[in-house]
Amino acid sequence: MISANRRLLRRLRGGVVAAAIALPLLCLALHKASYAQQAPPAAAEAALNQGLTLIQQGQIDGALAQFQQAANLDPTLAAAHYNIGLALRQKGELQEAASAFWAAIRADPQFALAYANLGGALIEGNNLDQAEQYLQRAIAIQPDLGNAHYNLGLVYQSQGQFPEALAAFERAGQYSPNAPESFLQRGIIYLQTERNGEAEAVLQQALTLQPRYAQAHYNLGIARFNQGQTETALNSFRIATQINGGYADAYYSAGLAFIQLGRFDEARTVLEYAKNLYITMGNPTWAAKAQSHLGQLPES
């Protein structure tokens with residue numbers, strides 16, 4: 001039994017699930033006609049305002065129709081194209097959203113938010129080089145635009161340029177101090193570079209801003225697990241699953257923490273649950289990893 005347990009613990013080293021890079025942030029501020037543009041025709045402005053009202057009521061399709069009507073009535077109305085982009089992004093239509101943000105830029109070449117959101121859409125399409133160009137343009141126009149710095153950080157992080165990514169996320173936190181995402185991503189980079197104490201500190205900052213941030217609790221658990229704080233890591237994983245009951249990685253990592261503590265029955269329960277979640281998610285690789293740990297557990 002002892003030798004089997006030792007083999008299992010050796011398999012745990014480095015076994016917690018690597019944290020994923022987050023989705024880019026889109027600035028969801030709805031825009032009326034810019035003062036820099038000429039006054040739009042009354043009908044176009046009325047359609048734009050009706051769209052803003054509808055989207056604030058959660059009626060995305062109705063809002064989208066109004067924004068499209070506004071753009072048809074006045075193709076130079078950048079705010080209409082921009083809000084079309086936001087609505088399409090909420091519907092998951094990324095290519096169409098990118099086209100709408102590009103139309104907003106053509107209508108108003110100084111529209112920093114449109115550049116930033118076009119960059120975000122390009123990140124999701126894995127077009128990182130072009131995304132960087134548009135994000136740099138957004139920052140040149142509006143240096144204090146927090147979500148542009150954040151999305152630029154995601155570009156650098158995806159390219160493995162961690163010092164540049166950290167600097168960009170720090171600027172994002174400076175200009176958007178109430179947004180927890182930049183602190184989360186800094187924490188993930190610190191985890192990726194084995195700076196677990198620093199990861200713990202910035203993840204705590206993220207949780208100060210948003211206490212029910214499941215990803216921050218989960219990554220805080222990883223930082224603690226990596227520092228040998230298994231009990232407190234387990235508590236972080238538990239909180240993450242309480243916030244998000246479908247958080248497969250958190251259940252999986254809780255299973256590893258239970259194994260580390262010798263609590264094999266509890267490990268079996270959460271690893272089975274994680275495996276089933278991975279199967280449901282269509283992730284056979286991690287389902288197999290969970291099953292591998294289950295197969296190594298000693299008999300109860």
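Quick reminder: no glycine exception, Cβ is built from N, Cα and C everywhere.
Listed in TrEMBL for this protein:
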- 44-77: repeat 'TPR' (REPEAT)
- 78-111: repeat 'TPR' (REPEAT)
- 112-145: repeat 'TPR' (REPEAT)
- 146-179: repeat 'TPR' (REPEAT)
- 180-213: repeat 'TPR' (REPEAT)
- 214-247: repeat 'TPR' (REPEAT)
Going by DSSP assignments with H, G and I as helix and E and B as strand, what are the residue counts for the repeat 'TPR' (112-145)?
27 helix, 0 strand, 7 coil
Quick check on the repeat 'TPR' (180-213): DSSP residue counts for helix, strand, coil, in that order please.
26 helix, 0 strand, 8 coil
Non-local residues, at least 6 beyond the ends, that sit with Cβ under 8 Å of the repeat 'TPR' (214-247):
16-17, 19, 22, 180, 183-184, 187-188, 190-191, 194, 196-197, 199-200, 203-204, 206-207, 253-254, 256-258, 260-261, 277
Summarise the repeat 'TPR' (78-111) as counts of helix, strand and coil residues per DSSP.
27 helix, 0 strand, 7 coil
List the helix, strand and coil residue totals of the repeat 'TPR' (146-179) as derived from DSSP.
27 helix, 0 strand, 7 coil
